[in-house]
Amino acid sequence: VARDAWQRPYLNIFKHFRVEEWKRSAREGDVAALTDARLKGTVYRIQGSVPAISYLQLPRSGTQSLGLAGRYLYLLFRPMPRKHFVVHLDVTTEENQVVRISFSNLFKEFRSTATWLQFPFVCGAAEDLVGAAPADVRWTCLVLDLHSILSLYLNRRYSHLKSVKLCSNLLVKNLCTSDLVFDPADLACRGVAPMPREMAFPVPKGEKWHDLYDYIRYGCSRLLLSPPWAGCNPPAWLGLLLNAGKPQLLLPARFNFCQVEYFKAIPSNRRELKAASVLWRETSNGEGGGLWVEDLSPVLSVTVLSVFFFFFQRLLPDPILKLRMIIGFGGCSTKQVLWTQDNAAVVYPCHAVIVTLQIQTGEQRFFIGHTDKVSALAFNGNSTLLASAQAGALSVVRLWDFPTGSCLSVFKTHVAFSCSFSYSGAVLCGVGKDGHGKTMVVVWNAAQVTRGGEVAVLAKAHTDVDIQALKIAFFDDRRMVSCGRDNVRLWRVRSGALRSCPVNLGEYHSLEFTDLAFEEGHARPPSPSSVGARFVCSKSGHVLEVDYKNVCMRSARRLLPVVLFFGFSGPGIAINSISLSSTFCATGSEDGYLRLWPLDFSAVVLEAEHEAPVSSVCISPDSHKVLCTTATGNLGYLDIQSRDYNTLMRSHEDSILAFSVEGTWKQMATVSQDNTIRVWDLVSMQQLYDFTAADEMPCAVAFHPTQQILACGFDSGMVRTFSLAASDLLVEHKQHRTVITGLTFSPNGKFMFSSCLQGTLVLYSCMVQKSHVLRVLGNVVARDAGSGPDALVVSGDNRLLAFVGPSKYVVTVMEACSLDELLRVDISILDLNSTALDSAVRVCFAPVPRGELLVSTSSNKILVLDAKTGRLVREPGVHSLSLSLFSISVNAAGAVSCPQVSPVHKLSCSSLVLSKDSRYLLTAGDKVIKDLRDEGSYTSPFLFTEGSPEKLKDSSETPRQIVPLPLSSSPPCLDVSSVHQAGCQSKRNCLAILQELIMSQCLFFLQSFLSPPAGSEVLKLKGVIGYNGNGRGNMVWNPDTGFFAYTCGCIIVVEDLHSGSQNHWLGHAEEISTLAISHDAQVLASASGKRNGDSHCQICIWNIQDGVCTASLFHHETQVQAMAFSRDDRFLVTLGDYIDQTIALWNTYTYELVSSICISEPVHDVAFSPLSHRELACVGKGAVMFWLLEQQGADVNLKVHQAPAPDVLGPVELTSLCYGADTLLYSGTNSGQICVWDTETNCCFMTWEADEGEIGVLVCGRSRLVSGSNTKRIRLWAVATVQELRLKGPDARSSLVLLEHEITLDGTIVSAAFDDSLEMGIVGTTAGTLWYVNWTESTSIRLISGHKNKVTEVCFSPDETHCATCGEDGSVRIWSLGSMELVVQFQVLNQSCQCLAWKPCPIVAWGAESQHVVAGYSDGTIRVFSISRTEMELKMHPHATALTAIAYSTDGEMILSGGKDGLVAISSPRTGMTIRVLADHKGSPITVLQCTRKQYRDFGVEGGELWLATSSDRRVSVWASDWLKDKCELLDWLSFPAPASPEVSMVLPPSLAAFCPWEPGTLVYVGFGMQKEALFYSLHKKQVVEKISLPYFATSLSLSPAAHFMAVGFGERLLRLLRCPTSHAQDYAGHDDVVHLCRFAHSGCRLLTASHSAVLVWELTGG
């Protein structure tokens, strides 16, 4: 081109832009010019630790462009030794799209998107493929063919170079562009020009250029004419390379090999050729004249001699599939539809595709380019220009040349939901929402777009008014009319400004207007006043005519229902759309009618009724037809002359779940979330049948291969068959109970098969029209295999049935006619070199006679298996995206795999099928069905290329040892391995034995433990209040199943998060320290400490389904502080504490100890890799230990690599860890840093300050990371960029790791569980609280509460709906007994609350205002709290020492309090005064104060109240009182004997006494004495009347007021319930510490017990 002539033959960019002046270029960071001695000239040094802030950029501003059109870019540079560098090139395509091409030695692999290509760069002397430049790196001349790179990788046409950004660390001599290929002089040949002087490197006399410098040419399509050894045998080193092993190809989706030419002398050693895999191949003429090198990936490498595209026998044309038909209608709405000017076709969107449909032939044409749903369409007057807009995060407008279908322009804008073209096409306007949600109107000049020009903004304006429709007036390109809620406005562009004025609507100003229309003409009227009719319609049924000249309303009409028309006012019929022609008007309304009116709206001329509201109408240009759309996705038109209505397109209202194709009658059936089953004609694509299931959703469908019968499976588990010929239901099958996941017929139609989400498989006989069940098998199909038309597949010869199951790692093959199992293949062990655990996703049979079984896997591979033996035949290739669907053609000519049918389906493809003749591929996604036609021919089946024999592995050699326990109807356990069978049998036997040993191994039994017989228990544990805040990882939540469990003492509490109901698993004797849940949420592991007298601590294994302990493990000597299941749940790793220092590995099938290793330093956390069951890691003192499981037969060995923490952290403890995406591992430290490790290299490449304290919890999900620390903070980090930063190695900086949210809780974070996206989760703290955290809403809600420290008192409210607790943490807490939730908490700082009492119910009616509790504190104060007003009402200070006991008088008018010094004070809560102090117990702490009623003159003493005081010196005083008369008289004084000299180290049990409710005048005493017994003392007889022997000294005592029960707690963690006077006893476990409190409710129906910080609520169920 003449305008580019000044750039020829080459352009020296540095010289032309005068880089040294820094006026047209920019520099940032350490960029300097210096003189290089070797090159004898000026070079530019760019250095810095962060490439993003140290760079040289051309041009200076990002809004400018270099505009350099040269095809080849020459970069003369030298990477700095032992450093990384990055180069960014922004190039512009002919479609005006900017694409960034980057290359760097930071990149480890080739990556590409639609706008970015990233190439790894390998330096010449580098030992590894990627990494920092070596010390002897040389000056390099890099030649990039920009034209070829864009064409090959993105199918784009190169226009010009826009900008260059050279980032640290490198030296640059020059940068040039040219259309010529330049070579060093000694390689110059025909067609290649010698290197110009400005681009040449100096070569000393006698030296060779290639001995001093490197020359790389990338993308250039020229073959090296002959290798250096032409005419003779290749050198020996080439043979060595050929035998080095088969390279793994990591290639972009479209191309097998990249093109790199590198000219260099043959290396003298193999080290320099380590990165290349060189193959000698013959050229096309059979002569060995070319050197072809297969590159591992698109890598810019100086070690590769010559790399070219090497194609297998290609599928031509490319792409081989062509979109033929789409069934579906609607983008963001169903309003966008247009007529073409010739009246022959309609244009409408279908999601992101724009469809042109010929109304006579049904032929479709497609405009593909949008990446989200199309929200607006507009034509110019003659239908030559089409404008389309898309909504979503990337809102763009595209302008299309409609006749050719090519895109003329793409520009980003906020305009999304309405567009309008002027008649000439010179002006385009649109309306949308900007980034702040404000309405914006934009007007563009599109006059030059058809001539290659740009689209420029003429004017734009923001407005506060609502706009539903906006149209350009046909008579003036710069005038527009809009309508919306409460407004109709006229717009005009003048002098670059867009202004508007409202139309005076008078009394109709508050209507919601929905659409507007002009009476359009082609000639420009003399003035706006002479323009024809202009109408707007509204949701109220009004149609207003607008006077353009006077800016007012000319007339108003209203559409009313017939019943309302005659003199009765009411709501009108909402009009959604209006369209005008020169003679009539069309309206579409909410009542489903399309109506035609004369322009005066005097009467309805013609109407058509639809099943759903009409969303838009459009009159054809010739006024003969009216196009109509409905809200349910139907598209049709009314022919006015013939009065016929023609349906053009129907569509589902919701996502399509599955479909099935029938070949004989050319029909297709679809099922959708809209609860419909539809049958379509494959030729015309018209709907034939429509079945609706009102209360069920169909989820699977299958055609009978020979009869007109359709089978459908529903989410209720029902399978129904329908006769299409009779349109009738044939039979219903109810064998399944949940969602049907698979449904298929055998090819001969004799059998039908179905499977459901519970894993059940059913075989039906279809010999007659009404099918019947032959066999039902349970638990054979994988529950997590998903649903789809190919969940069950039958071989072409009708003999075999294959599916994924019983687990996702196993593929099972059965005999189709009987469901007898023939074969099981473990997919996870087929690739022995893989570190990731592979699982099966889909299966498919190859055609007969080949008969092979194809399996797509989670690692994106397709495996070809022998269907008879299960052996791996070959592994065709690897896909870059997940293979959720694939199909194979009957003639074995090809296969189709579907990670995502793009760009046709913008959402995931839910179903696909390939026709028998391989000519058609049908796909379904969202609400759309698409038909793609095979346009090509090919000669070689690319799927069945032979693999290398050494990769083949018999699946029976190392069988997988997991088999789910089958149901009674399950087939026998068969496999290709006999070892597997033995494993199954041994597991059954083992389970039977384990059931017998559970009670002896999982529950502790004291010698005198009197366990009640099953079914005769009087006490039932109803609820637990508390959470172990001193544990770690002792809470689990599975968001998929909803399973939620936490620990409280030695109890596992399983709670329903919605209802709050609890189940309690008892099996531990000591406090549980940690929990772990398996990945399938079927098994829970719990660990507790070592009980006194035991040699090891206990680990219990629980079956989550029934809450039964199935195994008990003993190995660690002290505590277990962390546990984790492997990704496949085959192993459990347990980690001992700092004393034990042992890591143990368990087999989860037999629960035998596989391996145990003693570690020299304490470790704090452990985790398995999510990618491989063979890798795990643990963290400890200053290092991460990476473990690798090596299995040889039955032996498993653990190998460890210890990686030290970065020196910059100093001496540090690594305290937590979690695996992230891909190969990332995050670890937290005790000083608040988070380290990021590359698990491939076991190196830390980045750290950042995440907190000020120790990080104890890390949870990673997708691109987010949650950290929790002892600063009480939980933080959410955005770590999406960390994967990219990993490529930078140790130079990575953490500035791109962003803190998204932070929440401060009430204690150190000790446990956390989140969903996969980390949007919500549950967090536990040392304060004994479990919080629900929602990051989206930035909220934290208290789920579970408990005391952090010891609970000192518990009591019931008089109505027993609540209970109160107090603790050493200074809190008084009120709990609801119905939900076990905290209702009110009163907190006194820096004090301990020692005792508590609830005010009794007064004689007057009980009211909310009377609910009070009184609490005594360690500073001697008494505080009275009002429950209803949630405030402290009174504070008294009657004691000088800490209070130890407190009680209300029976009428609630007095408060009795006892202190540590033995003084008893009587105070009035009304006056706040202490009226009496009793010093009888002085010197010994008061342990009990209790009041009870008595007859006024009982015991010969006046007063209606009897109360006692007990002190720790085993003395009890009994008093009679009448507080109103100020009387208080000692009635009795008891002193109980004890052994003369108890052991000094022994902590004496407390002295406790209580009045006996069922024996008035009797009290019960327990305490340290001569015998372990409870004494009943009669105040009348003044003697002990009964003794009940106890197994231990009691630590707590309570007597039931309603029945003859006495509850006694012991220091041996035992609760005994005694029936008096028979002394019949029942003992109950569940406490992990001394049972120091037990309190019966007033009704005797409930009992509260406390053990340290845990509070247990019991119910009395019998007795």
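Every residue gets a Cβ built from N, Cα and C, even glycine.
Keep in mind that this is a model prediction, so the values were computed, not measured.
Taken together, the residues in the domain 'CFA20' (3-186) have a mean pLDDT of 87 on the 0 to 100 scale. Annotation comment: TrEMBL describes 3-186 as domain 'CFA20'.
Taken from TrEMBL, the feature domain 'WDR90/POC16 second beta-propeller' applies to 660-891.
Look at TrEMBL and you will find 1061-1280 tagged as domain 'EML-like first beta-propeller'.
The annotation domain 'WDR90 4th beta-propeller' is assigned in TrEMBL to 1350-1662.
Across the range of the repeat 'WD' (649-690), the DSSP-based residue counts are 0 helix, 24 strand, 18 coil. Positions annotated as repeat 'WD' by TrEMBL: 649-690 (among others).
The annotation repeat 'WD' is assigned in TrEMBL to 1344-1385 (among others).
Feature annotation from TrEMBL assigns repeat 'WD' to 1436-1477 (among others). Counting same-chain residues at least six beyond the ends of the repeat 'WD' (1436-1477), those with a Cβ under 8 angstroms from any Cβ of the stretch are 1392, 1394-1400, 1402-1403, 1412, 1414-1424, 1483-1493, 1504-1505, 1507, 1509, 1511, 1521, 1523, 1526, 1528.
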Any residues 6+ beyond the ends of the repeat 'WD' (1344-1385) with a Cβ under 8 Å from its own?
1023-1027, 1029, 1046, 1048, 1055, 1060, 1062, 1307, 1326-1330, 1391-1401, 1406, 1411, 1413, 1415, 1417, 1425, 1427, 1430, 1637, 1639, 1641-1643, 1645-1646, 1648-1650, 1652-1655, 1657
Write out how many residues of the repeat 'WD' (1344-1385) are helix, how many strand and how many coil, based on DSSP.
0 helix, 23 strand, 19 coil
Counting each residue once, how many in the repeat 'WD' (1436-1477) are helix, strand and coil under DSSP?
0 helix, 20 strand, 22 coil
